[in-house]
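Have a look at the structure below, then the notes.
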């Protein structure tokens, strides 16, 4: 049983903490919070131990939230830390993990140099075995890599061109925008996503562009893939249908908008309305000779959660990629095939 600490209890951290509680081979020691907001109150109500910076203990106790100890205490009590702090903050915590000789999983908001390896479970799990510091790539990069590595099973992927329509903010981020604008992210080409993909697939010819749209629900990707050999559409659809963490969306559902997909998640009683699978619109799959085009939606709040669970097992050499991915999927109810 591996003892896991989660440093940060926001959008990703609370989902990772809940996922760890569902794993048969992991034990959640507690979570770290810096302010006694509603997420801290909910964690306390769930019975999760809360650790805070030394200077914040009084503030938490005055708010009525018991403190189990400092963040240093949390790190010491664990075998491995999943750092889900805001972008760039994880690198500031790394010296503490090093001080106590603890393995750590970082998120895609950190620079690749913070870790020994950037990670995508379907692409390079075996390369991450035993690595002390692993960086789970961002939500958009996770979706790109899942898709690319899946289609690579049909025949070698030689070139990728992708356009990313990014959501402006998560639903709880009330101070972010835009409200009524499309914003290049950035106007220069390629966007950072191409470099991030190359941190996992080193020599792939990939160019990405991105724009921020005034929505909070999901990202959308429009991707053009050039393959080494000619392929048939049925082969592409088959590999997408039979790969875990990818689901197909049929036009029969009459649910193709991201808002409608959120409603599907609600009706399926998905926790927090999460869809951690890449959602490929099957009608969008176009194949001509060695060229493949497709469109898919990405739920940014949950897609990296199973990757974090697998990264824990890879770092600690708990089990093989096949076994870890299977157990993670089963414990979290992650599908393959068609969403409905």
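A Cβ is built for glycine as well, from the same backbone N, Cα and C atoms used for every other residue.
Take the CB of residue 139 (active site, nucleophile) and look out to 10 A: across all protein chains shown you find 24 other CB atoms. Swiss-Prot lists 139 with the feature active site, nucleophile, giving sequence analysis as the kind of evidence.
Annotated NAD(+) binding site per Swiss-Prot: 11, 12, 109, 167, 300, in sequence order, evidence recorded as sequence analysis. In sequence order, 86, 87, 88, 90, 138 are the residues of the chain that are 6 or more apart from residue 109 (NAD(+) binding site) and have a CB within less than 8 Å of its CB. Residue 109 (NAD(+) binding site) falls outside any helix or strand according to DSSP and counts as coil.
Per Swiss-Prot, D-glyceraldehyde 3-phosphate binding site is recorded for 138, 139, 140, 193, 194, and the stated evidence type is sequence analysis.
Comparing CA positions across the recorded positions 139, 140, 193, 194, the one lying closest to residue 300 (NAD(+) binding site) turns out to be 139. On the backbone, the CA of residue 12 (NAD(+) binding site) and the CA of residue 140 (D-glyceraldehyde 3-phosphate binding site) stand 14 Å apart. Here the CA atom of residue 167 (NAD(+) binding site) lies 18 Å from the CA atom of residue 194 (D-glyceraldehyde 3-phosphate binding site). In sequence order, 138, 140, 141, 144, 162, 164, 208, 210 constitute the residues six or more apart from residue 193 (D-glyceraldehyde 3-phosphate binding site) in its chain with CB-CB distances below 8 Å. The two recorded residues, residue 167 (NAD(+) binding site) and residue 139 (active site, nucleophile), have Cα atoms 11 Å apart.
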